[in-house]
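The annotation transmembrane segment is assigned in TrEMBL to A:9-29, A:35-54, A:85-102, A:109-129, A:158-186, A:207-231, A:243-268, A:280-300.
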Amino acid sequence: MTRLLERPLVHFALAAITVLVLPLVLRSGTLASEILIYGLAAAACNLLLGYTGLLSFGQGIFFGLGSYVSGLLLLRAGWPAPVMLPAVALVGAATATAVGWLSIRRQGVYFVMLTLAFSQLFYFLAYTFSDLTGGDNGLLNVPRPRLGGRALADPWSYYAYVAVLFLALFAVLQRVALSTFGRTLLAIRDNEARASAIGFPVRAFKVAAFAISGAVTALAGALHAMLIGVAPLSNIEYHTSETLLIMTIIGGGANLFASVLGAAFYLVAGDLLSAIWPRWLLLLGALLIAIALFMQRGLWGLVERAAALVTRAPAEGAVPEESRP
Amino acid sequence: MTAASPTHAPASAGAFEPALAAEGLGVRYGSFVALKDVTLRVRANSVHAIIGPNGAGKTTLFHALTGRIRTAGGRITLGGRDITRTRDDDRVRLGLARSFQVTSLFATLSVRENLRLAAQGRTPWAALAPWRRVPEHDAAQDTVRALLQRLDLGPVAGRAAGELSHGQQRRLEVGMAMAARPKVILLDEPTSGMGTDDIGAMTDLIRDLGRDHTVLFIEHNMGIVMNISDTVTVMRAGQVLVEGRPAAVRDDPEVRRAYLGNMITGDLR
């Protein structure tokens, strides 16, 4: 069972099951769509944080940018969604390449500070160019994609649209994580100096990880703008970067499905708790402290431990021969 | 005697095209001069040892040769090609690989994966392919299989590198340098911290490597140095003190004075 949990196919199956189960357990199609969208963005964040060891506060840039670019292309250029989405991915990848290329010049604290600075920079750019972005109000009236001549106005029909893209992009990210590229990222995370000493151009690998992560994050941002009908300023805020990082850490590192789990947990807990207590984020803070202190492998670590208990096989070492997907 | 004029000619006198050479190499850390005017010629398919007391600049010389640090002056050539300004990862592609004095592995990855990555490092841009799966049968995997056997790491191939015993980690450390199938292999204290049994195996391995590679290694154990080296370079205070055949170096009064008889472990008869 514990071995089974390391198989990539099992992870994809878990993602597919999530897609099927969410409509059965949630009443809100909007919340269900949000889980998939943020799950995707968190998985892209994991490619940097969990696989490459880069704690970047820049993910909100790509998410927000995805929202704005999708809105602009749909509203101003009149592009249909199937044409708009690849363009958004390209813009996300290009921006992430630029931000990554400059940020990875420094390591550790200075890298983190650079990504924070970029995050602020892009926020104020969006705030300043209100002709394009709508400033404080956001870019309003972003339309839903059309299918068979009519817009996907119903939350659950849009959920289906999101679900298909979610599964496709999840599979792409899995492929990336399992590739020679993804396995090299793990080496860079473990020991950057050695990775360079055995011949890998570490910077090129980091920038490529940024580009892929940025493309997927921007797509998630586009899906989010179409979901809520607006590209809000808050999507490009520093807070979005923070939320994505928290989801990734709650879920667990170097594991794409764990990020989906983290996003689902964060959003469902937020939905339930905010109805009871407006200061629910306080509880989330306590949970983060607990994870940082006692369960650094996140929710996925709990799943693995539970699986080990069920099969009564002790989770020895818990390090697989190959990387996890 | 100055550093630039070694007392002894290299093992075999006369001109030869060195596999790796440094001319007038200098390295500064701030105002501290770590290497000063170091000239070194490593003959192809030979085993060349570098010895010297702690702080002599041996590891700094390795860092400079492999491109981990910038040099303040001088020239480095690999097989006649100037690599002074070449980046460290590019030097691997040109046939220069190293191991580290302090074990430096991918601790959470398996032993097999550590070696595979090191073998892949020879063609790093081919790895920059987010869609390509790791092939089960290719040159890199063949290298990995051969190395696992040669280093006797087969039984622990699936374990995380961080879980290995010290001796196994040291063997893997050297294996990582071998995996790149380099022309010139630099080993920084390959036997450091090893038990007696492991030292014997490592000595044999280094001697073996000298047959089809050029080996440059730093070592404190004089028994090993005297037994398997073709040439020995003695360093002190960032400069080359003496260079020559093991026996000649052993009997050199300068060397004896530099070491004061007790700076090094092992047998310096």
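Even glycines carry a Cβ here, placed using N, Cα and C.
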Stretch contact, the transmembrane segment (A:35-54) with the transmembrane segment (A:280-300), Cβ-Cβ under 8 Å, 3+ pairs: no
Tertiary contacts of the transmembrane segment (A:9-29), as residues 6+ beyond its ends and Cβ separation under 8 Å: 35-36, 39, 154-156, 158-159, 163, 166-167, 170-171, 174, 255-257, 260, 264, 268, 271, 324-325
Folded-back contacts onto the transmembrane segment (A:85-102), same chain, C-beta under 8 angstroms, at least six residues removed: 58, 61-62, 65-66, 69-70, 73, 79, 114-115, 118, 165, 203, 206-207, 209-219, 221-222
